[in-house]
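Participant: Below are the structure tokens for one structure; questions will follow.
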Amino acid sequence: MANVAKKVSWSGRDRDDDEDGRAGETTPLLNGTGPGAAGSGRQLTPSPFLRIGQLSNVDLNEDIHELETEVPRQRPNEIPHNEKLLSLKYESLDYDNSENQLFLEEERRINHAAFRTVEIKRWVICAMIGILTGLVACFIDIVVENLAGLKYRVVKDNIDKFTAKGGLSFSLLLWATLNASVVMVGSLIVAFIEPVAAGSGIPQIKCYLNGVKIPHVVRLKTLVIKVCGVILSVVGGLAVGKEGPMIHSGSVIAAGISQGRSTSLKRDFKIFEYFRRDTEKRDFVSAGAAAGVSAAFGAPVGGVLFSLEEGASFWNQFLTWRIFFASMISTFTLNSVLSVYHGNAWDLSSPGLINFGRFDSEKMGYTIQEIPIFIFMGVVGGILGALFNALNYWLTMFRIRYIHRPCLQVVEAMLVAAVTATVGFVMIYCSRDCQPIQGSSVAYPLQLFCADGEYNSMATAFFNTPEKSVVNLFHDPPGSYNPMTLGMFTLMYFFLACWTYGLTVSAGVFIPSLLIGAAWGRLFGISLSYLTKGSIWADPGKYALMGAAAQLGGIVRMTLSLTVIMMEATGNVTYGFPIMLVLMTAKIVGDYFVEGLYDMHIQLQSVPFLHWEAPVTSHSLTAREVMSTPVTCLRRIERVGTVVDILSDTSSNHNGFPVVECNPDTTQVAGLRGLILRSQLIVLLKHKVFVERANLNLVQRRLKLKDFRDAYPRFPPIQSIHVSQDERECMIDLSEFMNPSPYTVPQEASLPRVFKLFRALGLRHLVVVDNRNEVVGMVTRKDLARYRLGKEGLEELSLAQT
């Protein structure tokens, strides 16, 4: 049971090697009824370690190392799942620097010129992030354009041939087989090589920027699978876009460049070593996410706002400038390369993977009486978005329970690809919507049963990449589409896109949402035109834009960044106000029914995600009630054997240990002296930084911060470090390695106050002390994330080791 439970998580491994390289848990049940579930009151075995506080149901868990043979590899047909759980598998990132003696000595040695050099390196890294993200976007765009073009030509020629002599079923078979084959390859590499590359990657990057460590999320292998997977998904004709995955791709590029090495390739370039810590890495990942948005939509300001709105916990003015710089470089790189590729090197007209085209204010302006109509469209978008999310929620629950094996996931992706081709073919076959070819800009005009000189209008929607279909809906002249064609297309594409999101393929939801919205928005505009007897203001292209904004806002619930992205993509500030109104209305209406799509998937994965504010009704709770106990403490000078036993103890696999001063003659605990992390202790043991008990006056071996940075981010597991029996009796002095000034709160502090401190500073551990500065508990991410506002007020989630 336990092994299969891993399959439904983002990491998708039976035994996950997390970012630190330690093996993942192999014990839990997903429904919280197993041995590790909350509420089980699992009694910890007595141990000689110094523990403070009362027993609670919280296990500060990182990664429990167990042998695979301990758990039988059974694969049930159904995995029970309860969404009201919080997983103990996910750990926090250390956004707060450990200001120990080593750190302070290094910082004091750095003079002003060295600080300037570090700052220049930050700007150089941001430029490199922008350039590489732009180049990856170019590669995806060019390969998709050529492969999709080849596929459409083959299918079009085949349909033309069989239309004349009969036997169109062969054309359908060819189209469905081509789609399913391409998608099969794209799904295979995701399901069997890197499952975290599935989907758009935006929920995972949101979690990473929020401070949650998602295994494998910023690995080089993930980037390669992401790029190949998204190319194959789009070419395979699925109802997906390539824009969302660019955000994940940009983040991986940023994480890799900023570290100056690749742990996947085992290559260390010995550059940017100063930035090898979570604090710096997360800032650069913010820049990478923004560069990805910028490359996708040609919206550098929108990219900055996306990072601000959707991700980063911590923000400052300098970071804003650097992120904006990376976004600008990204869109300029993409623009330059695509302009050269299209043969007009001096005409920089391709700022993003999707360009909505120029909206002319004179021809497509709006009047004050249209604003209520736009608000009404926002309401429709919110309702349709909520329906999309609700359907996808139940579909995802079904997948978690039944489609958890990689082979089943690949078969499902192939089925969706074949069904998408079949639906497209049947709709083209049944459509009698013929338009004159003359004066149209259709890339692959399909005649089928239309007269000579005409093409099938429905075919243009399916014989195009979704990006081109969106632009056509925005800019094709009035009369280009039959209302029945648009209505049928909207209905079918809505359900296809809903079914497709959550498959084991790399794909985004941005473009399908825009396409659905543009289709029903244009239909809305045509209806208005009929009602108003063809008034000049009822331009269907304008309403297609508002419908696209309403649908996308109703699904993903972004407001600020999405308004700016849409404005930048249209190149027209005039539409800023109506787009903002539409997006706000769609969000308000959608939030009344269900959560946004990304938040919903984060919740389904039981990730301890911290929102901007604590639940509004949580003032009655105090730190004493939410903190984790017992807390395992260490003495300032501790026996090596005790440290090894604590780190090896799987029943209380903590990551942060308060350091206290104890009187050896009594059991009374003195006040808090500092905090030391599991990763730091492992490095100390690895380098054998300890002395014999008889020689405590000797100076133990000196370490530098470089030793800790070289081990980051994949610190070795404690089981890989050999400590002899003689060494166990040695003593280790933690004074210069511990953080002597950790953040603390009194046990009477209210939950909102604790939450604000923890969230704003990006903490991983917050020590709770009493009025004598003695440790009584520890607040971690899970202790705060498990309280949320439900429909019946404040509710507490169960904790399980999923």
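The backbone N, Cα and C atoms fix where each Cβ goes, glycine too.
Pasting the relevant annotations from TrEMBL:
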| type | residues | note |
| --- | --- | --- |
| DOMAIN | 738-796 | domain 'CBS' |
| REGION | 1-43 | region 'Disordered' |
| TRANSMEM | 123-144 | transmembrane segment |
| TRANSMEM | 172-193 | transmembrane segment |
| TRANSMEM | 223-241 | transmembrane segment |
| TRANSMEM | 284-307 | transmembrane segment |
| TRANSMEM | 319-341 | transmembrane segment |
| TRANSMEM | 371-395 | transmembrane segment |
| TRANSMEM | 484-503 | transmembrane segment |
| TRANSMEM | 509-531 | transmembrane segment |
| TRANSMEM | 543-567 | transmembrane segment |
| TRANSMEM | 573-594 | transmembrane segment |
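Thinking about packing and proximity, how do these listed features fit into the structure?
Facilitator: The average per-residue pLDDT of the prediction over the domain 'CBS' (738-796) is 89, rounded to a whole number.
Nonlocal intrachain contacts for the transmembrane segment (223-241), taken as residues 6+ away from its ends with a CB within less than 8 angstroms of a stretch CB, comprise 136, 139-140, 143-144, 147-148, 151, 175, 179-180, 182-183, 185-187, 189-190, 193-194, 197-198, 201, 248-249, 252-253, 256, 354, 416-417, 420-421, 424, 462, 465-467, 493, 496-497, 499-501, 503, 505-512, 514-515.
Long-range contacts of the transmembrane segment (284-307) within its own chain (CB-CB distance under 8 A, at least 6 residues past either end) are made by residues 125-126, 129-130, 133-134, 136-137, 205, 208-209, 218, 242-244, 246-255, 257-258, 275, 319-320, 322-324, 326-331, 333-335, 350-355, 510, 558, 560-562, 564-565, 567-569.
Here the transmembrane segment (371-395) has long-range neighbours at 494-495, 497-499, 501-502, 513, 516-517, 520-521, 524, 528, 543, 546-547, 549-555, 557, 578, 581-590, 592-597, 600, 604, meaning same-chain residues at least 6 beyond its ends whose C-beta is under 8 angstroms from one of its own.
When Cβ-Cβ distances below 8 Å are used as the criterion, the transmembrane segment (484-503) is approached by residues 187, 198-199, 238-240, 384, 388, 391-392, 395-396, 399, 409, 412-413, 416, 419-420, 423, 427, 431, 433, 457-458, 461, 509, 512-513, 515-516, 519-520, 522-523, 526, 597, 601 of the same chain, each at least six residues removed from its ends.
Beyond the transmembrane segment (509-531), the same-chain residues lying 6 or more positions past its ends with a Cβ under 8 Å from any Cβ of the stretch are 200, 239-244, 296, 354, 373, 377, 380-381, 384-385, 388, 461, 466-467, 469-470, 473-474, 478, 481, 483, 486-487, 489-490, 493-494, 497, 500-501, 538-552, 555-556, 597.
Distant neighbours of the transmembrane segment (573-594): 359, 361, 365-366, 370-371, 374-375, 377-379, 381-383, 385-386, 389-390, 393, 545-546, 549-551, 553-555, 557-559, 562-563, 566-567, 600; these residues of the same chain sit at least 6 beyond its ends, with a Cβ under 8 Å from one of its Cβ atoms.
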Participant: Would the transmembrane segment (123-144) count as touching the transmembrane segment (319-341), if touching means at least three Cβ pairs under 8 Å and pairs must be 6 or more apart in sequence?
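Facilitator: They are in contact.
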Participant: For the transmembrane segment (172-193), what are the same-chain contacts with Cβ under 8 Å, counting residues 6+ beyond its ends?
Facilitator: 12, 151, 154-155, 158, 221, 225, 228-229, 231-233, 235-238, 406-407, 409-410, 413-418, 420-422, 424-425, 503-506
Participant: List the helix, strand and coil residue totals of the domain 'CBS' (738-796) as derived from DSSP.
Facilitator: 16 helix, 22 strand, 21 coil
